[in-house]
Amino acid sequence: MDGVTVIGHPLVQHKLTIMRKKETSTAGFRRLLKEISTLLCYEVTRDLELTTERIETPLVETDAPVLEGKKLVFASILRAGNGLLEGMLELVPSARVAHIGVYRDHETLQAVEYFFKAPDNINERLVIVVDPMLATGNSAIAAIEKLKERGARNIRFLCLLAAPEGIRNFQGAHPDVPIFTASIDSHLNEKGYIVPGLGDAGDRMYGTK
């Protein structure tokens with residue numbers, strides 16, 4: 001599917017299967033989410049640009065590769081997106097973090113923002129938006145609209161699971177934003193849950209219903 005990268009690494013798929021199981025505990029789910037987010041982050045940052053820096057090892061001076069440009073921004077869609085941050089920040093501790101509380105009004109189809117906090121110079125940074133689920137796509141669409149309004153131009157979206165319906169909606173609104181996911185599942189049910197899915201990621205992560 002154009003514009004969508006499915007991360008099929010065996011460790012990602014194995015951990016995702018355990019997360020799907022209804023008997024997986026809250027603690028287990030949370031631990032697996034941290035582990036899988038680190039693996040997903042590795043893939044979504046695979047093509048970051050490098051430059052060289054003159055360094056001194058214990059033996060000699062040498063030119064060595066380092067990341068080029070301003071620090072990354074990880075943008076979490078509240079609340080479930082926060083579950084992906086811990087593992088990603090362990091991998092990229094210098095990254096900046098944005099938090100976005102936003103939803104789409106189902107009657108007006110307008111984005112309703114209740115919280116937004118982002119680093120400065122977001123227009124000069126790669127922004128990786130994270131949310132475990134791309135179901136209808138409404139929250140992700142609205143969040144990215146808000147980021148673009150504030151100047152973000154280089155954006156990627158990372159999730160655990162995506163539904164075909166959500167992908168279509170998302171790409172219709174933001175065809176310039178690539179999607180990275182561990183799985184494209186079958187469909188949405190009548191309640192808007194991804195099938196086969198893993199349930200409500202936020203509830204399973206925090207032990208709520």
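Backbone N, Cα and C atoms are what each Cβ position is placed from, and that goes for glycine too.
Pulled from Swiss-Prot, these are the features on record:
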BINDING   Arg79, Arg104, Asp131, Pro132, Met133, Leu134, Ala135, Thr136, Gly137, Asn138, Ser139, Asp200  5-phospho-alpha-D-ribose 1-diphosphate binding site
BINDING   Ile194, Gly199, Asp200, Ala201  uracil binding site
Query - Additional residues around uracil, ordered along the sequence, whose Cβ is within 8 Å of the centroid of Ile194, Gly199, Asp200, Ala201 - result: Pro132, Met133, Leu161, Tyr193, Gly197, Leu198, Gly202, Asp203, Arg204
Query raised in the report: Are any of Ile194, Gly199, Ala201 (the binding-site residues) within 10 Å of Ala135 (5-phospho-alpha-D-ribose 1-diphosphate binding site) when you go C-alpha to C-alpha, and if so which?
Result: Ile194
Query - Under 8 Å by Cβ from Ala201 (uracil binding site), counting only residues of that chain that are 6 or more apart - result: Leu33, Ala80, Gly83, Pro132, Met133, Leu160
Query raised in the report: Should Ile194 (uracil binding site) be counted as helix, strand, or coil on the basis of DSSP?
Result: strand
Report task. Drop a 10 Å sphere on every Cβ of the binding-site residues Ala135, Gly137, Gly199 and tell me which sphere holds the fewest other Cβ atoms. Result -> Gly199
**Report entry** Nearest of the binding-site residues (Ile194, Gly199, Asp200) to Arg79 (5-phospho-alpha-D-ribose 1-diphosphate binding site), judged by Cα-Cα distance
**Finding:** Asp200
